Amino acid sequence: MEINNEKKKLSRQSSSFRLRSPSLNALRLHRVFDLFDKNNDGFITVEELSQALSRLGLDADFSDLKSTVDSFIKPDKTGLRFDDFAALHKTLDESFFGGEGSCCDGSPESDLEEAFNVFDEDGDGFISAVELQKVLKKLGLPEAGEIEQVEKMIVSVDSNHDGRVDFFEFKNMMQTVVVPS
């Protein structure tokens, strides 16, 4: 992949979607790996990665993607194992964003703001049910199927009952999420 052209493409896209180490810890990276590994065989093939990126609106030239990914696949393997995927992520982070903390200060607050902005697609400061549904669909999650289900998700977080989630409601929700150890 030609890095300069890819940097230009990424800089034109929303700054809310980044492959940054501070906001994507090992647990989150495992979740991404599992989402991309469509057949659950423990490997991400170039085809699976290409499809996942396309669902996220990040279309990449297949031959460039294959060339890059192939350099991380171990001999006699059909795709990226998690460790290979993590190494690819780290290399892309360093190449495109200058490594850890280059874009934001890496504080929990800025990480939450960045995560919020992924869902707030129109930038109005609120997450609507339609915006949440779009992101869930891009991620291939079944919860995106019915707008009524997505609206229930919004209502469960919407403490001021205005039908949408603002940053403070999002932050409160994220701070109450328990991550299994």
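Placement of Cβ uses the backbone N, Cα and C atoms for every residue, glycine included.
According to Swiss-Prot, the features are:
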DOMAIN    24-59  domain 'EF-hand 1'
BINDING   ASP37, ASN39, ASP41, GLU48  Ca(2+) 1 binding site
DOMAIN    107-142  domain 'EF-hand 2'
BINDING   ASP120, ASP122, ASP124, GLU131  Ca(2+) 2 binding site
DOMAIN    145-180  domain 'EF-hand 3'
BINDING   ASP158, ASN160, ASP162, ARG164, GLU169  Ca(2+) 3 binding site
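Neighbour counts of Cβ atoms within 10 Å were compared across the binding-site residues GLU48, ASP162; the minimum falls on ASP162. Cβ neighbour count for ASN39 (Ca(2+) 1 binding site) (all protein chains, 10 Å cutoff from its Cβ): 10. Minimal Cβ crowding within 10 Å, among the binding-site residues ASN160, GLU169, is found at ASN160. Break the domain 'EF-hand 1' (24-59) down by DSSP state and the numbers are 21 helix, 1 strand, 14 coil. The residues near the Ca(2+) 3 site, meaning same-chain residues not in ASP158, ASN160, ASP162, ARG164, GLU169 whose C-beta sits within 8 angstroms of the mean position of the site's C-beta atoms, are PHE126, ILE154, VAL157, SER159, HIS161, GLY163, VAL165, ASP166, in sequence order. Counting only same-chain residues at least 6 apart in sequence, those with a Cβ under 8 Å from the Cβ of ASP41 (Ca(2+) 1 binding site) are GLY79. Nearest Cα neighbour of ASN160 (Ca(2+) 3 binding site) among the listed binding-site residues (ASP37, ASN39, GLU48, ASP120): ASP120. Sitting within 8 Å of the Cβ centre of ASP37, ASN39, ASP41, GLU48, and not among those site residues for Ca(2+) 1, are the Cβ atoms of PHE36, LYS38, ASN40, GLY42, PHE43, ILE44, THR45, GLY79. On the backbone, the CA of ASP162 (Ca(2+) 3 binding site) and the CA of GLU131 (Ca(2+) 2 binding site) stand 15 Å apart.
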